[in-house]
Amino acid sequence: MATTDINTADTARDVRTIDGVVDVIATTAPEIRTGLPGRRVTAEDENPSGETQMAADVFADDLLCERIGALEGVGEYASEERPESVDVGTGRLSVAVDPLDGSSNLKPNNTMGTIFAVYEAPLPAHGRDLVAAGYVLYGPVMTMVVARNGTVDEYVIHDDASYELVREDVTLPDEGSVYGFGGRVPDWTDDFETFAREVEQDASRKLRYGGSMIGDVNQILTYGGIFAYPTLESAPEGKLRVQFEGYPIGYVIETAGGATSDGAKSLLDVDKDDLHARTPMYVGNTDLVAKLEAALD
Ligand SMILES: O=P(O)(O)OC[C@H]1O[C@](O)(COP(=O)(O)O)[C@@H](O)[C@@H]1O
Ligand SMILES: [Mg+2]
Ligand SMILES: [Mg+2]
């Protein structure tokens with residue numbers, strides 16, 4: 001399950017590069033958000049996972065590729081929206097991005113986010129190669145959560161692209177009070193359904209599910225509990241992608257003292273060498289993730 005072996009940058013140069021990536025993510029967020037109103041339509045292409053792209057997905061990806069690619073210290077950029085990673089320089093760090101997570105929430109105007117992962121290895125990299133990860137949430141307030149140097153911090157991003165630290169050393173509350181499970185219920189496995197029904201029976205927990213993974217995970221970081229996008233009967237690997245979603249969220253949640261799993265082991269220990277590989281995701285408080293693993297065993 002979760003382990004405490006969180007890798008961090010060990011050279012001053014890598015620390016500067018990570019700071020540069022965080023700065024690009026934060027300062028680009030207002031532009032991505034401002035660009036959304038005219039881009040709530042589908043783009044012409046599908047992404048490498050076979051999903052319809054929104055114009056906003058492509059817009060955010062292009063902006064981030066250009067800006068992250070220009071940073072000294074970054075050698076490769078990849079995103080959910082392009083088939084191959086792009087060589088952007090000679091730096092030893094690679095950056096993988098989900099430019100808009102939850103973009104199907106764009107039409108009904110619900111929360112979405114931008115997720116980033118910084119790896120100290122060529123792409124596709126391994127979860128243990130991560131040296132920083134985080135996300136922006138385009139909610140009523142624009143916030144950014146960053147895991148680096150062994151801690152998780154939260155920032156508020158203003159419309160003028162300035163940003164301020166509002167919470168240091170964020171950890172999951174001990175008593176988890178929310179849960180959210182994705183996928184169609186009839187498509188859940190029997191073991192997962194049994195676990196889900198048990199979680200629901202506990203009167204101290206409420207359902208919080210919005211259909212944007214990053215919004216749903218941020219509920220867990222805020223209130224504690226458990227989020228899952230599980231193995232489905234029709235999709236044994238679930239829906240979410242290892243490099244762009246599973247690893248970075250694993251890194252954030254485990255750095256914040258929570259646990260993550262693919263059903264059997266930490267998300268950071270998933271071994272998949274395809275850039276667009278998928279994984280089931282279970283993240284939350286350690287006791288709940290342990291129960292989940294026992295239920296699926
Ligand atoms: O509505 P579905 O198909 O269950 O999918 C919901 C999941 O798909 C996602 O939107 C996938 O991410 P993208 O929007 O980046 O493709 C997650 O944010 C969310 O948890
Ligand atoms: Mg996504
Ligand atoms: Mg996406």
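Backbone N, Cα and C atoms are what each Cβ position is placed from, and that goes for glycine too.
Unlike curated records, TrEMBL annotations are generated automatically.
Listed in TrEMBL for this protein:
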- 43-159: domain 'Fructose-1-6-bisphosphatase class I N-terminal' (DOMAIN)
- E80, D98, L100: Mg(2+) 1 binding site (BINDING)
- D98, D101, E245: Mg(2+) 2 binding site (BINDING)
- D101, G102, S103, S104, Y209, K239: substrate binding site (BINDING)
- 172-296: domain 'Fructose-1-6-bisphosphatase class 1 C-terminal' (DOMAIN)
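Distribution of TrEMBL features across the structure.
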residue : record                 : Cβ contacts under 8 Å, 6 or more apart
E80     : Mg(2+) 1 binding site  : N47, P48, S49, D57, D61, V97, D98, P99, R241, F244, H276
L100    : Mg(2+) 1 binding site  : I32, M54, A56, D57, A60, L106, M112, G113, T114
D101    : Mg(2+) 2 binding site  : M112, G113, T114, I115, Y135, S212, M213, I214, E245
G102    : substrate binding site : N110, T111, M112, G113, G210, G211, S212, M213, I214, G215
S103    : substrate binding site : M54, A56, D57, M112
S104    : substrate binding site : G211, S212
Y209    : substrate binding site : G180, F181, G182, D216
K239    : substrate binding site : G182, G183, Y229, L232, R278
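Taking the mean position of the Cβ atoms of D98, D101, E245 as the Mg(2+) 2 site, the remaining residues of that chain whose Cβ falls within 8 Å of it are E80, G102, G113, I115, Y135, M213, I214, L240, R241, F244, P248, I249. Listed binding-site residues: E80, S104, K239. Those with a CB atom under 6 Å from ligand 3: E80. Ligand 2 lies under 6 Å from the Cβ of the following binding-site residues, listed in sequence order from D98, L100, S103, S104, Y209, K239: D98. Other C-beta atoms found within 10 angstroms of the C-beta of E245 (Mg(2+) 2 binding site) number 27, with every protein chain shown included. Annotated Mg(2+) 1 site E80, D98, L100; additional same-chain residues within 8 Å of its Cβ mean position, judged by their own Cβ, are D57, A60, D61, S79, E81, V97, P99, D101, S103, T114, I115, F244, E245. Here the domain 'Fructose-1-6-bisphosphatase class 1 C-terminal' (172-296) returns a mean pLDDT of 97 for the predicted model.
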